[in-house]
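Here's what Swiss-Prot has on this protein:
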SIGNAL    1-23  signal peptide
TOPO_DOM  24-720  topological domain 'Virion surface'
CARBOHYD  ASN56  N-linked glycosylation site
CARBOHYD  ASN63  N-linked glycosylation site
CARBOHYD  ASN68  N-linked glycosylation site
CARBOHYD  ASN193  N-linked glycosylation site
REGION    218-281  region 'Interaction with gL'
CARBOHYD  ASN642  N-linked glycosylation site
CARBOHYD  ASN701  N-linked glycosylation site
TRANSMEM  721-741  transmembrane segment
Amino acid sequence: MRPGLPPYLTVFTVYLLSHLPSQRYGADAASEALDPHAFHLLLNTYGRPIRFLRENTTQCTYNSSLRNSTVVRENAISFNFFQSYNQYYVFHMPRCLFAGPLAEQFLNQVDLTETLERYQQRLNTYALVSKDLASYRSFSQQLKAQDSLGQQPTTVPPPIDLSIPHVWMPPQTTPHDWKGSHTTSGLHRPHFNQTCILFDGHDLLFSTVTPCLHQGFYLMDELRYVKITLTEDFFVVTVSIDDDTPMLLIFGHLPRVLFKAPYQRDNFILRQTEKHELLVLVKKAQLNRHSYLKDSDFLDAALDFNYLDLSALLRNSFHRYAVDVLKSGRCQMLDRRTVEMAFAYALALFAAARQEEAGTEISIPRALDRQAALLQIQEFMITCLSQTPPRTTLLLYPTAVDLAKRALWTPDQITDITSLVRLVYILSKQNQQHLIPQWALRQIADFALQLHKTHLASFLSAFARQELYLMGSLVHSMLVHTTERREIFIVETGLCSLAELSHFTQLLAHPHHEYLSDLYTPCSSSGRRDHSLERLTRLFPDATVPATVPAALSILSTMQPSTLETFPDLFCLPLGESFSALTVSEHVSYVVTNQYLIKGISYPVSTTVVGQSLIITQTDSQTKCELTRNMHTTHSITAALNISLENCAFCQSALLEYDDTQGVINIMYMHDSDDVLFALDPYNEVVVSSPRTHYLMLLKNGTVLEVTDVVVDATDSRLLMMSVYALSAIIGIYLLYRMLKTC
C-alpha cells in the first residue's frame, strides 16, 4: 500500500466488491484485457479483480493551498492522494461500488480521512481474545431443540401424598372479542416490535438493520445498566459500568455481524459451540472492570450442555446463576455473577424462540408451565437488577396469551389447579388481567388454603414454595378480584412464622438449589415487614446467629414487593418501617406496629413493659389508606375466657403471639374451626403458657380479644351431630353383632 493511502480504502473496496454481484464496469468493460503493467495495484477477491490505474498528475494551486480533486468518468471515479508538492497518486475505481444504499450505508460509517496515527491508536484500543484474554474455549456438545421434562405439567412435581385439586369450570359465555389460538407454534417467541439499527457508530462493527426487541435493566443511574437486544439470529448483552463505550457480548448465528478493517471476527471469538459463536467487544482500558472475561470457566454453566433444551437451560444455567446472585447478595451490582445471569437470561429467550424446531407436540399444561417459567425469570431480572421504580420494557408473547385465552374458555383444556395458576400468572404478567374470571382466582385461593392446612405443622415442600411463589406474585400484580387476593395474602402472611424463617436460613446452608423457588419463602410476599437482624438478636439473645441469617434477610429485602398499592387500605404504609399487615377477611384488615402509623380503630396493648408499645389498628378494606402518626380512635382489648365454635365466629381470624419486652413473635392465620381447634389444642403447643407471653385473636368483625387463658368450647352443633353419628354407628355395630351371635 502506498504511503498516504487511508487503510480503509483497500479493505473497504474488497468488502464491497465481495458483497456486490459481478457486473460490467462501463460499456466496454468485458472486452478490456487485464494488463498487470497498467495498474499501480491489483487485488483479486474471489475472482473479481479490483484495478487501480497507474497515473501521475499534477494539481494546480489555488490561493496558496493544495487541493486534491476527484475526477468523475463514465465508468470510474479517481481518488487523488497527496505524495509530494504538485504530485498525487491517483486511483481509479468502478463507480458502481459507490452507488446504491449499501455503499452509502458503509461509506457513512468509515472515516476515509483517518490518519495513520489514529489508525494505529485504534488498533490498540480493543482487547483481542488471543492476545489480551487468552481464554478461548469451544464446546462440541450436540445442540438440539427439545424439552427434558417431557409433558410434565409443573417444573417441580408435587409430593405423591398431596392431592392436587381439579379445576372446575362453570358454564360460561365466551367473550365476544375472544380469539383464542389453537396452536402452540411460536408460543415462546416474543413479539419483535421494533426495527433496530444495531451497532450504529461502533468503532469495530458496521451497523445492521434488523427486527429486534430491547430490554434494559438500569441499576443506580443511567450509566450502570444491562441491556438485552434479541434478534432472529443472535442476541447482544450490553454491560455499562460508568463507561462511554459499554462491553458487548454477541452470541448466536453471526454472518450479519460485520467488522470494519483491519479487524476480523476471529480476533473476538471468546466461546464457540456447534452452531453459535460468542464475540466479546471490550476496550483494554475496561478490562480491570471485566476481569472475569479472562476466567477459563466464564459462562461454562450456560454453554457446556445442550442449551437448546429449554427446561435444562433454565435449571442448569439461569436458575443456577440467579441462585448464586441471590444468596451472595449481588443484586444491584455488576460483576461476573450478574453478567452471567443476564447472559443466561438472554440465552433462555433465544432458545425458547426455537422450541418449535423440536417438532414434537406439546401439551397445554406443559406449554403453560414453560411460558410461566420464562415470565418468572423476567420478573426476577427486574426485581434483582432494575432500580425502583423499574423502567424495564416487558416482553410481549401474543401467541401465549391467545393460548391461555383458549384454555380458559374451552372445557377440558386444563384439569389441574397448577395449570390454572400458571395460566392466570401468564395473563396477569401480560397486562391481560381483565380476562381473568373470578372463579379462577377463587379456585387458586382455595389451593392456597390447602397448602396452608397441609403445612400448619410441617415445613414447606419445594413444590409448595414453587406454587406460593407464583401466587405471591399474582397478589401484587393485579387489581381485580380483591377478595381472593386478600385471602392469598393472609395465607402467605400466616405461613411466615419464626419456624419458617428458621427453616429458611437452614435451607440457605445447603450448597445446591435447582430453582429460584427453592429460595422462596412466603415472608417475601406476605404482610410481615417486621423481620430484621436486630429483632432476631433481641428475641434470641443467647443464641449464635447463623451465618445464613443475614443472607436470608437480604433475600427478603430483594424479593419483597416495593409497594402494597394493590390493596387500597394498605398502600400508604411506609415499607421502610416495621409492621405486619393482616387481611383477615373480605372487609377487615389489621396493621400491627409499635407506634401509631395508619388511620383506623386502634387497640393499644397494655401488657408490655415500660418503653415498649404495641398498637393494633383495624381498617376497612374499602377505606382509602391514610398515614398518621397521631393517636386516634381507640378501643380496649377484651379478655376472653372461653371460645365457642358455634357459627364459626372465630373463623377468618389471626392468632397473634407477643412478648412483654420483645413485641410480636408469631402470627397464625385461622381460616376455619379446624384451624382454631389446632391452634388452641395444648398438644400442638401453639399456645404455650408463659408469664411473659400473651396471645391475641384478631377477629373478622374488627374485634381484638385476649385469649391467653382461653378454654375452647367445642360443643357446637356440628360437633354434636358428629358425636350423634358416631354413637349411632357404634350402637348399630353392636346390634349387628348380637344378631349374628344369636343366629
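Placement of Cβ uses the backbone N, Cα and C atoms for every residue, glycine included.
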**Prompt:** Around ASN642 (N-linked glycosylation site), how many other CB atoms lie within 10 A of its CB?
**Reply:** 10
**Asked** Mind checking how the region 'Interaction with gL' (218-281) divides into helix, strand and coil residues in DSSP?
**Response** 4 helix, 33 strand, 27 coil
**Asked** At the Cα level, what's the spacing in Å between ASN193 (N-linked glycosylation site) and ASN701 (N-linked glycosylation site), rounded?
**Response** 51
**Prompt:** Residues with Cβ closer than 8 Å to the Cβ of ASN701 (N-linked glycosylation site), same chain and 6+ apart in sequence?
**Reply:** VAL588
**All-chain count of other Cβ atoms within 10 Å of ASN193 (N-linked glycosylation site)** = 12
**Complete:** In the region 'Interaction with gL' (218-281), averaged pLDDT is 93
**Request:** Look up ASN642 (N-linked glycosylation site) in the DSSP assignment and report helix, strand or coil.
**Result:** strand
